[in-house]
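Below is one structure, written out as structure tokens; comments come after it.
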Amino acid sequence: MKVLWAALVVTLLAGCQADVEPELEVQEPAVWQSGQPWELALGRFWDYLRWVQTLSEQVQEELLSSHVTQELTLLMEDTMKEVKAYKSELEQELAPMAEDTKARLSKELQAAQSRLRADMEEVLNRLSQYRGEVQTMMGQSGEELRARLAAHLRKLRKRLLRDVEEVQKRMDVYRAGAQEGAERSVSAIRERMGSLVEEGRLQSLPSQPLRERAQAWGEQMRGRLEKVGSQARDRLEEVREQMEEVRGKVEEQAEAFQARFKSWFEPMMEDMRRQWADLIEKVQVAVGASTAAPSQKS
């Protein structure tokens, strides 16, 4: 029996020691201090979150309002905007790569971006939840709520760091692919130029100097440019004729409408003038008759 009690005491002491054992601090990524713009933006989000995690009196006061979540939201949007801009920049450099490779890399990076954004949004949701819990208190003390929040924020920071590292890895793969594609493109251009030079050297004849070949090439290019210019002028003239035709049709329709409107409006006005004249004449006759009646009575 004493052995069982001793074992129980040892177990309880070990559990208490495990509860109070300090948790290892998340290592701060040094690359955020001098990295890409998206890494610097993410560093600002990280620093602000670290300040929130201190749960100082100022932090606790600001957590009761929406100031902290609004600030973190702005930092999150700034970070994701920089990530998107850097991804677009790398995608432009990936042009020489195969389409299936580009699609695969883009899909992997997009998934890492989504996880990173989800981590940030979960931080915002947890802080909003804490504000609601403090306002209601739901039978819990403020110390308990702060302890739960601190533990949850530590887990979220670890997850955030893990997903940030994943985004960095995908960005590195993107960057390596862009460099490889650029080198492959330059190599292909160099080989093509070398083959053209060699071909020109083999085909050159002693009776045809390089200057004559250059002049012939220039005449050929001039002819092509003149042909293109002539085609462009013809097309422009065709468009101009079409515009003139459209304008003529519009003017014709406008004149026809004006004529129809005039044929409808003028008879109506003439009829109104005639009716008005008849009305005036009747009024004058009536007035004259009323004036003549007293004269006859006298």
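Using the three backbone atoms N, Cα and C, a Cβ is placed for every residue, glycine included.
Taken from Swiss-Prot, the feature signal peptide applies to 1-18, supported by sequence analysis. Swiss-Prot lists 74-95 with the feature repeat '1'. Here Swiss-Prot flags 74-244 as region '8 X 22 AA approximate tandem repeats'. If you look up Swiss-Prot, you'll see 96-117 marked as repeat '2'. Taken from Swiss-Prot, the feature repeat '3' covers 118-139. The repeat '4' annotation in Swiss-Prot covers 140-161. Here Swiss-Prot flags Ser141 as phosphoserine. As annotated by Swiss-Prot, heparin binding site applies to Leu156, Arg157, Lys158, Arg159, Gly218, Glu219, Gln220, Met221, Arg222, Gly223, Arg224, Leu225. The repeat '5' annotation in Swiss-Prot covers 162-183. Sequence annotations record features per position, and here Swiss-Prot assigns repeat '8' to 223-244.
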Going by DSSP, is Gly218 (heparin binding site) part of a helix, a strand, or coil?
helix
Max CA-CA distance, Å, over listed heparin-binding residues Leu156, Arg157, Lys158, Arg159, Gly218, Glu219, Gln220, Met221, Arg222, Gly223, Arg224, Leu225:
70
For the repeat '2' (96-117), the mean pLDDT of the predicted model:
82
Restricting to the chain of Leu156 (heparin binding site) and a gap of 6 or more, list residues whose Cβ falls under 8 Å of its Cβ, or answer none.
Asp119, Glu122, Val123, Arg126
Need the DSSP three-state call for the residue listed as 'phosphoserine' to compare against my parser.
coil
Length of the line joining the Cα atoms of Lys158 (heparin binding site) and Ser141 (phosphoserine), in Å:
27
DSSP-derived helix, strand and coil totals, residue by residue, for the repeat '1' (74-95):
20 helix, 0 strand, 2 coil
Please classify the secondary structure at Lys158 (heparin binding site) using three-state DSSP.
helix
